[in-house]
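Reviewing the structure listed below.
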Amino acid sequence: MATVAEQWVLVEMVQALYEAPAYHLILEGILILWIIRLVFSKTYKLQERSDLTAKEKEELIEEWQPEPLVPPVSRNHPALNYNIVSGPPTHNIVVNGKECVNFASFNFLGLLANPRVKAAAFASLKKYGVGTCGPRGFYGTFDVHLDLEERLAKFMKTEEAIIYSYGFSTIASAIPAYSKRGDIVFVDSAACFAIQKGLQASRSDIKLFKHNDVADLERLLKEQEIEDQKNPRKARVTRRFIVAEGLYMNTGTICPLPELVRLKYKYKARIFLEESLSFGVLGEHGRGVTEHYGISIDDIDLISANMENALASVGGFCCGRSFVVDHQRLSGQGYCFSASLPPLLAAAAIEALNIMEENPGIFAVLKKKCQTIHKSLQGVSGLKVVGESLCPALHLQLEESTGSRERDMKLLQEIVEQCMNKGIALTQARYLDKEEKCLPPPSIRVVVTVEQTDEELQRAAATIREAAQAVLL
């Protein structure tokens, strides 16, 4: 039976061959021959190769020009013309051998040279040594780390806190720990560089809204809502985040947090709040922008801040609900793969928190000094003040740009140098021009601390005014 079936199939094949059109048979024959040629032919013929003569080799070597390892850099680049600081960058700072009043370092509460903070750091140094030599998951967790996390959570009135060993890596690690490919992040166009790097690492879909423009943010949220209605299945697994700063590092302006919270609940998004500039500055007790507006901390999904400004230490922290913070212990890159915070710096931060809790009036003092310098700098010829009157890091920008960023920076640097010659230490705000998503205009940054006297604030304003007139007029 099987033999009969095989014969029948063979007959059908022969019959199909006879009935096939001629062009079909020709095409199949050509393809078969081409495949045979590919299988048996060589990729190149040895006889076609010819060796270069010694003279030709020398000519090629002489003509070859290697590409530069790094791009060309101007001799006037700030990184090649740095100032040298001698001693701690406290209230008075010695720059290039000249003593100046410090209006450049982010020592807002003046705790960098506080005797109690230094004593706590020294005691920790004697007990633990300098570093930990390992990440938190590998014998890098010391009892002082747990104490600091507990104190930060208690101070911020959240369930839990987590500390990082470097301030920049805090928000840059926290964002990609939650926001992944396919998620959508709505972020302010003036977001600081650390936020930008976190967004880049997350590989999420980034939507920029105009700086502090709630209407523009709502427009983007509405557009996304319409897109979600077209594909409900995808929308169910797509998370939406709003990322903002309490006080913006690049502009000195405060975020409209009440409006952001309203949009959060209306469009079912999560809020990440970066408070490096507002922690220890805003609010009656220094808890940041949530306390400033009287908003419940539970309305914010994640708060991050560094400890390198108000706390005068190093590192950063995130705080929020326990399940949110615990996720970072497994997914926060800067937490899992970096050596933990040196214990002496954790001890210093704890003592700084003690001082903040014992002396809440310090925040009102800082606010008053910020308002004083903000008012004193109004009307400086050729310069405009950018930032809120309650921000301790103001920006002075040119009223009218020359049309060249390099030229603008050169003019501002001349003002900085003239002020330094008169005993006022300032600095320009520095950016990685080619990597910034929205590059801010050149500016001089003026930093206020509680240690500066009213006389020094007025003197600084007068010095800036004189330097601006000399350079710009």
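Glycine is no exception: its Cβ is also placed from the backbone N, Cα and C atoms.
Here Swiss-Prot flags Tyr164 as phosphotyrosine. Cβ neighbour count for Tyr164 (phosphotyrosine) (all protein chains, 10 Å cutoff from its Cβ): 29. Tyr164 (phosphotyrosine) carries a strand DSSP state (E or B).
Residues or ranges marked as region 'Interaction with SPTLC2' in Swiss-Prot (evidence: similarity to another entry): 1-66.
Per-residue pLDDT, averaged over the topological domain 'Lumenal' (1-15), rounds to 62. Swiss-Prot lists 1-15 with the feature topological domain 'Lumenal'.
Residues annotated as topological domain 'Cytoplasmic' in Swiss-Prot, with sequence analysis given as evidence: 37-473.
Summarising the annotation, Swiss-Prot assigns transmembrane segment to 16-36.
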